[in-house]
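Novice: So TrEMBL lists these for the protein:
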TRANSMEM  9-29  transmembrane segment
DOMAIN    16-163  domain 'VanZ-like'
TRANSMEM  92-109  transmembrane segment
TRANSMEM  114-131  transmembrane segment
TRANSMEM  151-174  transmembrane segment
């Protein structure tokens, strides 16, 4: 077995292991009671407020645009509390990572952008639906809006992974072309 194939196998195994652990983390958080989940959200909010007093980032134009973008993406209105926005953005972030890793893994496995896009979106969508279903068993509210936010995060991660892969493939192609024409002089 050539060294390149061995490295690819190790990378695929590592990504599979990370993917399984990440799905476990998602289900761990969805298995919490409503009280524990709310307490964690308030804790994160408190930390962010303390950081804001030090760095004063909440008054910047970039931050207000980011909050506005999250509100639009997640279908939130201005009446939604900051804690709820933090919870929704956490869903978005968890599933963006899941979509990114799933897409990267499927591209390494098949070397096909279409497969990478489909698997990178569909597997996180299934996990999101099961996640919402799991929450119902732990006295938590499960909504289609949460699953939609999860899917938006997965799609963002998938698109980001495929753009990164396309850039790497393009750079490799240009590097090989430059090497082929290196000996030709004008």
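Along the chain as shown, the residues are counted starting at 1.
Backbone N, Cα and C define each Cβ position, glycine as well.
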Novice: On the DSSP side of things, how many residues of the domain 'VanZ-like' (16-163) fall into helix, strand and coil, could you say?
Specialist: 123 helix, 0 strand, 25 coil
Novice: Average pLDDT across the domain 'VanZ-like' (16-163)?
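Specialist: Over the domain 'VanZ-like' (16-163), the predicted model scores a mean pLDDT of 86.
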